[in-house]
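Copied over from Swiss-Prot, here are the features:
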DOMAIN    21-104  domain 'Doublecortin 1'
REGION    115-167  region 'Disordered'
COMPBIAS  141-167  compositional bias 'Low complexity'
DOMAIN    194-277  domain 'Doublecortin 2'
REGION    282-308  region 'Disordered'
COMPBIAS  291-300  compositional bias 'Low complexity'
């Protein structure tokens, strides 16, 4: 008996056949958003498009409010959950229109173009099954008598001959190297975490935020700046610059961060050392005194050597 409905066979029994879509979201008008936010979209988890936009608001964190509109790379507005495609990139907007001039760095190469979906769902042709068991012997009738004899299958080569033709490979020990190198090979190399204090630029009443920096927690410098934006909460927007408070040097990579130091977080504005908080000003004074003492001690050493 054949079914007349147009649904797939699996949907008759109440099984979910829709695939989830993994999408990458970017903030509208944020040119420093590089990696994007990964999110999983499925119709069983989000019943309506409004529920999905609330989830986007929590993950993306727009500076203009909640996510109200979502656009694809070809500038088309998404109207339903079914419009999302697995592996594609999207821009989240609030009440403001789509900013086509300031484009996030992560999608500058593909913005304005239609993305090509991966054709990984096509069924691949299955390989024919080849049995490793030899076929059974076939009976061969004889002309002189009525009895039948079975022909034994002939082997291509005996085990002794095959072993003589293929020489044995030498066994290489995994512990042939030195003891020190073998210990380093199996040991887990871990870096020490760096604990720093971060302050708002131009806010003399900010007491600072304690941030732990580790390579396993933050893979890139942009991820660290996103975490600083959540903790420090600059009134001018996200954290785009990080300055060393004692010298005013701009930090360009995560490797330049020093454990136990004080840093100033800024947006697009420049560093304002006149509005440092009392805690930050005291730290800068102590650092300058330590540097002066080190310079004085280094100058005294050559003089003592000349005397002796």
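Cβ coordinates come from backbone N, Cα and C, glycine included.
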Cβ-Cβ under 8 Å with the compositional bias 'Low complexity' (291-300): same-chain residues at least 6 beyond its ends: none
The domain 'Doublecortin 1' (21-104) - residue tally per DSSP class, helix then strand then coil: 15 helix, 22 strand, 47 coil
Model confidence over the domain 'Doublecortin 2' (194-277) (mean pLDDT, whole number): 90
Counts by DSSP class (helix H/G/I, strand E/B, coil) across the compositional bias 'Low complexity' (291-300): 10 helix, 0 strand, 0 coil
